[in-house]
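J.: Swiss-Prot feature annotations, pasted as is:
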DNA_BIND  108-168  DNA-binding region
COMPBIAS  161-170  compositional bias 'Basic residues'
COMPBIAS  171-180  compositional bias 'Basic and acidic residues'
COMPBIAS  212-224  compositional bias 'Acidic residues'
REGION    160-232  region 'Disordered'
Amino acid sequence: MNLNFTSPLHPASSQRPTSFFIEDILLHKPKPLREVAPDHFASSLASRVPLLDYGYPLMPTPTLLTPHAHHPLHKGDHHHPYFLTTSGMPVPALFPHPQHAELPGKHCRRRKARTVFSDSQLSGLEKRFEIQRYLSTPERVELATALSLSETQVKTWFQNRRMKHKKQLRKSQDEPKAADGPESPEGSPRAPEGAPADARLSLPAGAFVLTEPEDEVDIGDEGELSSGPHVL
């Protein structure tokens with residue numbers, strides 16, 4: 001049985017008869033792809049994008065680009081895609097970088113510039129500090145105007161100067177104590193190092209303490225053993 005069908009309306013030379021045999025189906029070759037130049041990418045694409053037979057564009061395999069020569073922190077507002085097709089069509093990245101990358105340490109607290117006072121300003125501040133340690137608001141404004149400073153600068157300077165003055169006083173008070181050492185005040189009896197602490201505290205004026213080794217004991221008047229220091 002022959003299953004070949006031919007159309008009577010068209011000549012045999014213009015159209016190949018359709019066959020449903022397995023051999024004819026396996027030997028059938030697909031139609032070649034049509035190339036259509038895109039309109040909106042005509043200026044940027046170097047080559048044409050091939051289209052499938054049903055009209056959808058055939059996208060070639062994306063190729064990974066090498067890293068940009070410039071650091072991503074210094075890039076402009078334009079965005080460089082990570083992938084480009086072989087025809088030059090950009091493909092957006094899955095995880096794009098933020099538009100404005102933060103610099104390391106951006107949120108660190110910036111240190112304020114240190115105020116530099118002139119010699120005349122320092123002299124005026126020191127003279128006022130010797131007279132008065134604390135200033136009221138009107139006094140600060142008056143002094144700041146006289147020295148061509150701001151009220152905040154005068155207030156900050158007086159705070160730092162008071163802290164410095166307190167440290168100097170504390171240091172001057174600690175130096176005599178370090179020079180004297182652990183000696184007792186003049187006029188008070190000093191007990192030997194081996195005497196107990198309670199004996200040292202309860203000594204009368206002018207008393208002298210004798211200390212003996214711990215293995216030696218004395219016999220009292222009533223025949224009892226007694227140890228420890230004896231006060232003469």
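Glycine too: its Cβ is placed from the backbone N, Cα and C atoms.
Can you walk me through where each of these features ends up in the structure?
T.: A Cβ distance under 8 Å defines the sequence-distant neighbours of the compositional bias 'Basic and acidic residues' (171-180), meaning residues of its chain 6+ beyond its ends; there are none.
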J.: What parts of the chain pack near the compositional bias 'Basic residues' (161-170), using Cβ distances under 8 Å and only residues at least 6 beyond its ends?
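T.: Same-chain contacts beyond the flanks: 125, 129, 133-134.
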J.: With DSSP, how much of the compositional bias 'Basic residues' (161-170) is helix, how much strand and how much coil, in residues?
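T.: Across the compositional bias 'Basic residues' (161-170), DSSP assigns the residues as follows: 10 helix, 0 strand, 0 coil.
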